[in-house]
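Undergrad: Attaching a single structure in structure tokens format; questions to follow.
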């Protein structure tokens, strides 16, 4: 029979006891992590969200409490009353925040019992993720996940305080909205009242926050849930959280300045890390040239080296043919990696092939000489020129890819990050930010044979590029900007189109007919004709930001109830079938693909 809490009130969290509390009577409540019977004295670690406290049951002090302790098992919920005392000499546990003190229990209440658990709730016990997700209510008791979610809550509070102090209004936008093409698939919600019609869960509040600017709210923010029905990976979820912001009567510099202040405050308060401001910037073109990707990790070097002009006239036919057909040749210098075995180099080659490379040429530099199957195709002068371009020294490993520009940049850019992981160059406790600016406005979709928006259809072109959107769309740049942290895009934004004729032109460039545009975006086009101010904004991926702040390997470790990579909640068993009555009310019939 469990005890009743009665009039007991918790006086302290377990993890907050210090030497300053010695001599005080305290009431603690929590879960028993472990119990140890020393043949008289019984010790237990009591856990709550703030940490652990060691509690001691001494039969010489209180037989009733000691009798209760004999019945206690792991994960029992208990409340104890007792005196905080210093630990005896030689028993101080410096690994515990409360390791200098313990609580000598005078009264104990067993509030609830626990059956044997499927896994131990110690952080250091390795448990398969599917088991952890099935028993998420247990997994969330583990200190590492509790600390992750406590930090997440802190970041939300810092965000609200900072943005409110800077004149932003927190305004909610609808979850049940209209399906519009924004890149990924929508989650659709059937309407019972308007049968045959569907709502869509928002992929972002993009259009609504722009309409709020048209409505005169000037500065908006929201910590908002968004939904995308897309294939998942370690840093993606079907439902995710954004710190969403929009501002009127501003330019790019205004947005960047305010948002740098937000990120700096988050890192200072939540992590104790000072972020130098202003943050570095580079254009999209520079990022691709130097790093091969538009989200470069600038914690380390390994920059790509452009070699096309050096090798296009050389005797190595593979390189010469690629250059002659409009391709490029780039390389990177893996400093000190000439020690890599042939198998290790083969593994790097296979990795590069994942991103389209047909192969990976390599050169080991030892005793001032090139050691490579391709060395014989280059003159001493060409080798010297390449060595200079690479900054090559004895012990280095030079890696080359020759192909179409996109393949070269993708494969070497990803290989660069892969090598940094192998070489231990990417320290999780080092934080390096960079803004990427001047993105292309449009990119050609080879599969659909049409232009597609690089960011989204509401991004404004650079003023000087507006006149060539129709005549030369591939050369137009966008007023777009991403914030990248340690190779992860944590925020993306842009100045928006605020003139109706420009927005109509953009929809036309994306292949939408006038009828399609009116059907999908008519309300926005009408609003744009009613006095729309210049405006822009940004959205930060909160899940990814918290993942980086905590050093977690997956955003599933910073979300209370995440989905698997198949979009399932193993705990609640969602998604699940619904009964026939619900389907009839919605005028729906389910057919299953064979």
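Glycine residues also receive a Cβ, built from the backbone N, Cα and C atoms like all the rest.
From Swiss-Prot, here are the annotated features:
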type: BINDING; residues: 182, 228, 455, 496; note: L-aspartate binding site
type: BINDING; residues: 228, 229, 230, 237, 489, 541, 542, 543, 544; note: ATP binding site
type: REGION; residues: 206-209; note: region 'Aspartate'
type: SITE; residues: 38; note: site 'Important for tRNA non-discrimination'
type: SITE; residues: 90; note: site 'Important for tRNA non-discrimination'
Undergrad: Could you put numbers on the helix, strand and coil content of the region 'Aspartate' (206-209), residue by residue per DSSP?
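TA: Output for the region 'Aspartate' (206-209) reads 4 helix, 0 strand, 0 coil.
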Undergrad: Give the distance between the Cα atoms of residue 496 (L-aspartate binding site) and residue 489 (ATP binding site), rounded to the nearest whole Å.
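TA: About 20 Å separate the Cα atoms of these two residues.
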Undergrad: Taking the residues 228, 229, 230, 237, 489, 541, 542, 543, 544, which the record names as binding ATP, find the longest CA to CA distance and state it in Å to the nearest whole number.
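TA: Per the listed residues, the maximum Cα distance equals 20 Å.
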Undergrad: CA-CA, which of the recorded positions 38, 90, 489, 542 lies nearest residue 228 (L-aspartate binding site)?
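TA: Looking at Cα distances from residue 228 (L-aspartate binding site), the smallest one goes to 542.
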Undergrad: Roughly how many Å separate the Cα of residue 230 (ATP binding site) from that of residue 455 (L-aspartate binding site), to the nearest whole number?
TA: 17
Undergrad: By CA-CA distance, flag whichever of 38, 90, 455 among the recorded positions is nearest to residue 489 (ATP binding site).
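TA: Going through 38, 90, 455 one by one, the closest to residue 489 (ATP binding site) is 455.
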Undergrad: Within the region 'Aspartate' (206-209), what mean pLDDT does the predicted structure show?
TA: 97
Undergrad: I'd like to know which of the recorded positions 38, 455 has the most other Cβ atoms within 10 Å of its Cβ.
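TA: Going through 38, 455 one by one, the largest Cβ count within 10 Å is at 455.
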